[in-house]
């Protein structure tokens with residue numbers, strides 16, 4: 001601190017010692033990580049610090065003692081022409097301060113009439129308090145505040161957070177004031193009176209169970225302050241303590257300084273508290289998936305439902321929305337036209353034209369009366385001897401004429417040899433436009449069954465030229481789908497493919513239908529349809545699953561271990577866990 005100018009008599013000594021003490025001596029050995037050389041590293045360094053930075057002793061003492069150096073207080077009649085210098089406020093000297101006393105003269109005369117306090121004529125000193133022997137102290141029989149008996153074991157704040165709002169309809173102050181109490185408000189314990197005579201070993205209590213209309217709400221004591229009543233003259237006097245600190249009791253109170261608090265916010269806090277009561281099982285398994293977020297702000301809906309008597313007491317918070325299955329809106333069809341406010345169209349049945357216009361469902365024409373059907377061809381194909389002529393040349397010419405007459409009708413195209421989808425002229429499913437009738441569609445698919453049709457349709461007619469056993473002769477398809485001829489050089493196929501196809505065509509229709517259902521190699525064209533009434537074809541994965549054996553796997557695992565089995569009875573002496581009293585367990589066993 002700098003020296004106060006004009007007052008050299010106060011501070012004439014410097015701070016610090018002239019000689020460096022060994023306590024503050026330091027060098028590189030003591031502080032090797034010190035980057036800057038400390039002022040107390042050596043004696044020369046310390047003297048340089050003393051000369052560069054001179055710190056004088058603080059001017060404590062007369063100015064800071066009782067009275068201190070103050071201007072002289074004189075009445076107006078004794079005011080001098082010039083202001084006198086400052087003197088000591090009291091006439092006694094103070095020892096132990098850093099400066100000199102000023103002045104060292106006679107004590108300063110004190111003038112008590114300069115202030116409002118007057119000198120007392122009763123007491124010999126200036127004390128305004130009466131002497132203890134002469135004072136009369138009377139007892140005041142009033143309750144005084146005391147500390148809670150268990151105040152040292154009570155938390156100063158709330159240990160657990162609370163969601164209760166003072167404006168709550170079911171647990172707030174309004175619910176505590178009404179009679180009878182709602183079931184959400186706890187009541188105070190019953191008053192009990194102890195009737196016990198001194199020396200009697202038994203304890204007698206009288207418990208007063210009031211009616212519901214006279215019960216009181218439960219409150220925590222000590223929120224304001226505890227008061228104790230003074231005892232009588234004969235008994236011991238209470239010990240007075242200072243006023244105890246205020247106890248923080250978890251009682252609800254109206255916060256008048258918070259204008260935002262309202263019944264709507266109290267309802268939100270109540271719903272937030274009820275939402276924490278839900279278990280994880282209730283939240284995740286609702287039957288329709290996980291629970292949606294809860295509607296916390298439903299004060300208006302509750303008020304309307306309470307007026308209409310639609311809800312009970314303290315209802316649980318509801319979800320904001322519920323998952324509902326909504327089918328997709330079809331782009332076309334009857335439902336789409338109804339949604340678009342358009343007129344629905346009448347169903348049009350498309351009838352396929354018959355191959356022969358002269359044939360009727362009951363009566364055939366003259367040509368088809370002697371031409372065998374495809375079933376007859378398949379049945380007779382294996383029994384026709386070689387070299388037998390079935391019809392003459394006139395019949396063949398008539399067949400050619402009939403073909404030329406029926407050339408305007410559309411005939412099926414040529415099929416590949418190995419393509420089963422073209423062999424069976426199957427329409428998988430008609431086009432579905434009414435997508436809302438999902439249940440009808442499901443039962444329709446279940447009842448639908450793929451009916452295999454023969455390769456040679458009964459409506460087609462076949463040439464009887466060169467008709468031989470299909471197992472021996474090789475025939476393949478030509479642009480004319482109903483005629484068979486010998487293979488040419490350009491239409492030559494492999495022997496295995498032709499044999500497979502002819503063998504497939506040579507089977508009867510009933511046997512062919514059974515093979516379609518039972519044979520694993522011959523599967524439906526559309527594959528397996530879920531929920532269509534047909535079992536799903538098994539794969540090799542099920543066989544692999546059934547072939548696994550846990551016992552066999554364990555046996556193979558034990559056989560793969562070439563080392564000897566470990567004997568658990570052997571004593572192990574290595575490791576940190578085998579140290580006892582600083583010695584290894586090896587020395588105890590051996």
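Positions of Cβ are set from backbone N, Cα and C atoms, glycine also.
Swiss-Prot lists 427, 545 with the feature SUMO2 cross-link. Feature annotation from Swiss-Prot assigns phosphothreonine to 219; the stated evidence is similarity to another entry. Annotated phosphoserine per Swiss-Prot: 407, 422, 485, 547, in sequence order. Summarising the annotation, Swiss-Prot assigns phosphotyrosine to 442.
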Nearest-integer angstrom distance between the alpha carbons (Cα) of residue 545 (SUMO2 cross-link) and residue 219 (phosphothreonine): 68
Residue 219 (phosphothreonine) to residue 547 (phosphoserine) - Cα separation in whole Å: 72
Which of 219, 547, the listed modified residues, has fewest other Cβ atoms within 10 Å: 547
Reduced DSSP assignment, residue 219 (phosphothreonine): coil
DSSP three-state assignment (helix, strand or coil) for residue 547 (phosphoserine): helix
